[in-house]
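Here is what TrEMBL records for this protein:
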- 220-433: domain 'Major facilitator superfamily (MFS) profile' (DOMAIN)
- 29-46: transmembrane segment (TRANSMEM)
- 58-78: transmembrane segment (TRANSMEM)
- 174-193: transmembrane segment (TRANSMEM)
- 221-242: transmembrane segment (TRANSMEM)
- 286-304: transmembrane segment (TRANSMEM)
- 316-336: transmembrane segment (TRANSMEM)
- 348-370: transmembrane segment (TRANSMEM)
- 376-394: transmembrane segment (TRANSMEM)
Amino acid sequence: MFPGGGCNVVSAVNGAPAINVFPAKVGYFGYYFALGSVIAFYGVIFTSKGMSPSHIGLLLSFTPLANTVLFPTVTYIADRFQCSSHILVMCCIASSFFTAFFLLSNTTVAALISFHLLVVTRSPISPLLDQHTLSIFPKEGRVKDWGALRSFGALGWGVGSAVSATTVDLTSTWALASFLFAAGQVGVLYCVLRSKPYEVVERTPMQFHEVFLFVLHHRRLLLFLTASCFMGAGFALVNNFLFVFLETLGGSKVLMGLSLALTVSTEIPIFQNAKYFQELFTDRQMLSISMATWMLRVVGYSLLQNPWLVLLLEPLHGITFGFTWLPGVHIVNTVFPPNLSNSATGFLYFFVNGIGPITGSVLGGAIYEWLGPRVMFRSAAFVVFCVLVLFVFLDRYLEKEEAVSATAGDTLACTTDAVVAGEVRLSGESERC
């Protein structure tokens, strides 16, 4: 049984209509099934086409590079014109076509062209799908309700990667993976067409540059997103080069599929219990736990001699990803106004899946080729450790500064009220004289 599969309708709140979450479950499972069947194997696919690790790093850096442009731009357009559903439908259809073209291409030029078009059409789906599913809940507590739905994405990723890896091992070709990708995107289309937002949101009056200024003016938000950016670099490092490393150790496609399945073994319960974790930990604590766990994970990679031992480390992915994404979604949806809801998720993706992975892909590929994968993983762990220390220190400082400012503001407000009240009393006394 799917996690949470026994309940497809959320109870009504204060007499409001009940919310049918089944389309969202199908959408998340389908989308991440599609990603797991193809995107998870980019490194191996390019290796089979004769690419070196440094070339793979440069190629895969295009994905986050495109993300840095597409995420804030497309999500702003969705907020400005309230057209996220139309964008999702077009991207699902186009990305399925370019995936088939990419996997079936026999020449380097055709593969490169189709890959870049695939990236451009696939990338906007992630933030828009997240916000589409978030919007079916009332704003109060929506992130906690959304977490259980997002667990279906983890399940889809695990199933899709395992099915795809097994299919490739049996057929010795990636051609059938294109059908798996397209089948998953059908689930997204079903979600978009069958689920509706809980409340109507007006178009944002902000100009594009004003959204960036909004982020810059919220310092703790900017700090959190910057720290998350380094986690994004770390995720890209693992996604792009772990399988290449395992292949050099003699790892099979079946092992890779199993490892991806295990990554979701802890991700599913974490998203299922999002409400509990967000009540137990602060956003800062969750991101700190994520960083510490990621360091442990990649140091473990650097010590591997037997590729099958990677299966002992992969369950840590659920903690590293879940404890990055849940507080990230929470903080952007708390700070951003409702008419910038798509931009809120877009900026989270902008940092985690855009700016960070550019560095992770390019530097990771270069270090892998020059110094080897073990040095690459250990160097990354050291960098994340430094970021963790700085993040905790600076966030505590900004938190105290905010508290002092809030106290000063309350004191000023009370003083102003007292002065106004005094003036009123004096005015009343003058009238009686």
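Count begins at 1; order follows the chain as displayed.
Here the Cβ of each residue, glycine as well, is placed from N, Cα and C on the backbone.
Contact between the transmembrane segment (348-370) and the transmembrane segment (58-78) is supported by 3 or more Cβ pairs under 8 Å, counting only residues 6 or more apart in sequence. Among the stretches 29-46, 174-193, 376-394, the one making the largest number of Cβ pairs under 8 Å with the transmembrane segment (286-304) is 376-394. With a threshold of 8 Å between CB atoms, the same-chain residues lying at least 6 positions outside the transmembrane segment (376-394) that come near it are 223-224, 227, 230-231, 233-234, 237, 241, 284, 287-288, 291-292, 294-295, 298-299, 301-302, 360, 364, 367-368. Packing against the transmembrane segment (174-193) from elsewhere in the chain are residues 23-24, 26-35, 37-38, 41, 45, 48, 85, 88-89, 92-93, 95-96, 99-100, 102-104, 125, 129, 132-133, 156, 160, 163-164, 167-168: each is 6 or more residues past its ends and has a CB under 8 Å from a CB in it.
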